[in-house]
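Input: a single structure, listed below in structure tokens.
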Amino acid sequence: MKTIVKSRLAELLQTMAQDFRVLVPVKSEAISQFVPWQEGLTVNLEGNTVLPPKDIFFPQTEKMYKFKVKGSSVDIEEFAEDVQKQVIFGIRSCDMQSIDCLDKVFLTKGYEDQFYKTKREKTLLVALSCTKPQDTCFCESMGLNPQEAPGADVQGYDLGDALGFVAKTPEGEELLAKYGSLFTEVNAVPQKVEGFNLKADVAGIPEKLAKMFDHPIWGEVSQKCLGCGACAYLCPTCHCFDISGTVKGDQGYKFRCWDCCMFSEYTRMAGGHNPRPSKKERVRNRFLHKLYYFKDRYGQLLCTGCGRCIAKCPVGMDITAIIEKIKEAEV
Amino acid sequence: MSVSTADIKRINPLIPIRGKITKIVQETPDVKTFHITTLDGQKPFTPLPGQLAMFSIPQVGEAMFSITSQGPNHLEMSIKEVGQLTRFLHEVEEGQECGIRGPYGNGFPIDYCRGKDLLFIGGGIGLAPVRSLINYCVENRKDFGKLIVVYGARSYADLVFKEDLFENWPKVENMEVFVTIDRAEEGWNGHVGFVPAYVEELNISPMVTITCGPPIMIKFVLQSLAKMGFNDKDVITTLEMRMKCGIGKCGRCNIGSCYVCLDGPVFTLEQLKLLPPEY
Ligand SMILES: Cc1cc2nc3c(=O)[nH]c(=O)nc-3n(C[C@H](O)[C@H](O)[C@H](O)COP(=O)(O)OP(=O)(O)OC[C@H]3O[C@@H](n4cnc5c(N)ncnc54)[C@H](O)[C@@H]3O)c2cc1C
Ligand code: SF4
Ligand code: SF4
Ligand code: FES
């Protein structure tokens, strides 16, 4: 295994940053997130980031095209996007799995989302194993291995004082070879993962949910939800967006931004008809989407067990508790 | 430059191409039909009957509309004034430039309809999507059996496509058009009453049926058709959900695991019965 002592991590990142935009997990005050590496930053390898890395491919707001109006004439022009080659360094298994979900949404089913694709194609992924799950983590229950991220180009391991790297794709091989002189070849064994505090048994859940659209549990579980949308914004797999625009004088631009099916406006139509008029329908949609619809459409669950929604919901909505309720519900 | 369906998929499907409104027809007090071309007078793309387009006036808004008809060099959309974008559209003049992207959605199952007798049922602006298939059948008359149209609106003034209803379609071979309005009014000698009741009155034997209209009309039409022995897989309708992307990405228009913008808007009653009733 190629290893480097943690005290030399900055040197590795600094060297990589000459060839790539390198995104690393960094903590500032209460928020941790992936930001472009620059000298002097402290990489935070403790636990997962508070904000998911989805904004790297799917920014919270993203300009789509600009327009200019002159009388009845309308000019439309694309923004020329200069996408750099980039490396995401230190991404966890759960967030790697979420990228797989996002790939399915944005790159399959007939259309490719060009905004997503340009960034995704230029990205190398260096995953980092988890050894100490946080209180709200349950990725193992979702079928993930916290030490082996699906789809990573390089799997990184936390070896205590050092970090170890194993290439998983030809691109990963190339990346490690490029900075080979910084690594020491060592026969290292990754540390064992500590046990999980949270568990969820998802076996049979999608099949059961197929029969639970009208079940009273949606009325119950939705009662305390505030509809604030924090769960969706923090979720690494949530991908709904709105398209909107701004105009100043005779010009403006269209942008897309994250949206959330927990908002009342989300499905409201012209004339005021809303197929999801109350919290009950909206909360139901959120959980059915994650635990049933997405599986039906794309073959996997839209939850990776990262636990962010559990950690940050202001009223303590807990998806593992809801999975439990579904398990126990009579149909 | 005209753009084919394949091009639309290749280029960024979220960015509209530039278009121009070349003709505006006032259908009813609040519905106008817009003819749209590219800036150099070509058809922006060639949709299948029942497909949709995202139409925009970039500084005002963007919304999804069914393409009600097409010619060799233009697309037609019939738009009811209900909100901000549509209000703006109802004020513009011919020559207004716009954005258009598409075609989106699955369209009507033409292959399935081919060779069969077809019953079209429309209410209000709901005749707009159905008309794309009616016109297709009229243009390819030999490929289809008997064509029957049953259409209703609140009043005579609210009937859309009057020229088609009263002049063009009745002249087509083996095609019948039945029009009704909700309440009697001076000068109207035709049928009075709601569409579902009229359909029952006409005592049409079961055939492939394409229905579109306000949700309440659709609901009662479906009941009537069931009573008359129509087969669920021969009852075809279109659904409307709020839409933003049109390509199955933004997540907005889902009904269960299906996205109306991509897997719809056309569904058979047989398919609808498998979806959660969330529309
Ligand atoms: C598959 C499909 C096919 C369609 N085909 C046609 C067609 O052929 N012809 C046609 O006329 N229409 C069609 N529509 C409807 C059309 O897409 C638009 O929904 C409608 O025309 C919107 O008009 P607008 O943009 O002017 O309304 P907007 O200005 O966007 O507003 C419409 C309404 O939305 C509600 N609304 C929006 N935002 C808010 C807010 N912040 N607060 C409160 N209320 C709000 C209000 O009720 C408002 O009146 C179709 C829709 C779909 C999905
Ligand atoms: S974070 Fe909690 S309260 Fe807010 S929308 Fe999500 S479930 Fe509801
Ligand atoms: S639903 Fe919650 S636990 Fe699952 S991936 Fe999203 S934020 Fe993480
Ligand atoms: S309109 Fe975006 S998914 Fe259907």
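Keep in mind that glycine also has a Cβ here, set from the backbone N, Cα and C atoms.
Among the features that TrEMBL reports, [2Fe-2S] cluster binding site is placed at B:Cys245, B:Cys250, B:Cys253, B:Cys261. According to TrEMBL, the feature domain 'FAD-binding FR-type' maps to B:14-110.
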Under 8 Å by Cβ from B:Cys253 ([2Fe-2S] cluster binding site), counting only residues of that chain that are 6 or more apart: B:Met241, B:Arg242, B:Met243, B:Tyr259, B:Val260, B:Cys261
Sort out the sequence-distant neighbours of B:Cys250 ([2Fe-2S] cluster binding site) for me: same chain, 6+ apart, CB within less than 8 Å of its CB, listed by position. B:Met243, B:Lys244
[2Fe-2S] cluster site, defined by B:Cys245, B:Cys250, B:Cys253, B:Cys261: further same-chain residues with Cβ within 8 Å of the Cβ centre: B:Met243, B:Lys244, B:Gly246, B:Ile247, B:Gly248, B:Lys249, B:Gly251, B:Arg252, B:Tyr259, B:Val260, B:Leu262
Would you mind giving the whole-number mean pLDDT across the domain 'FAD-binding FR-type' (B:14-110)? 96
Count of other CB atoms lying within 10 Å of the CB belonging to B:Cys245 ([2Fe-2S] cluster binding site): 26
Listed in sequence order, the binding-site residues from B:Cys245, B:Cys250, B:Cys261 whose CB sits under 8 Å of a chain A CB are B:Cys245, B:Cys250
If you draw a 10 Å sphere on the Cβ of B:Cys261 ([2Fe-2S] cluster binding site), how many other Cβ atoms land inside? 24
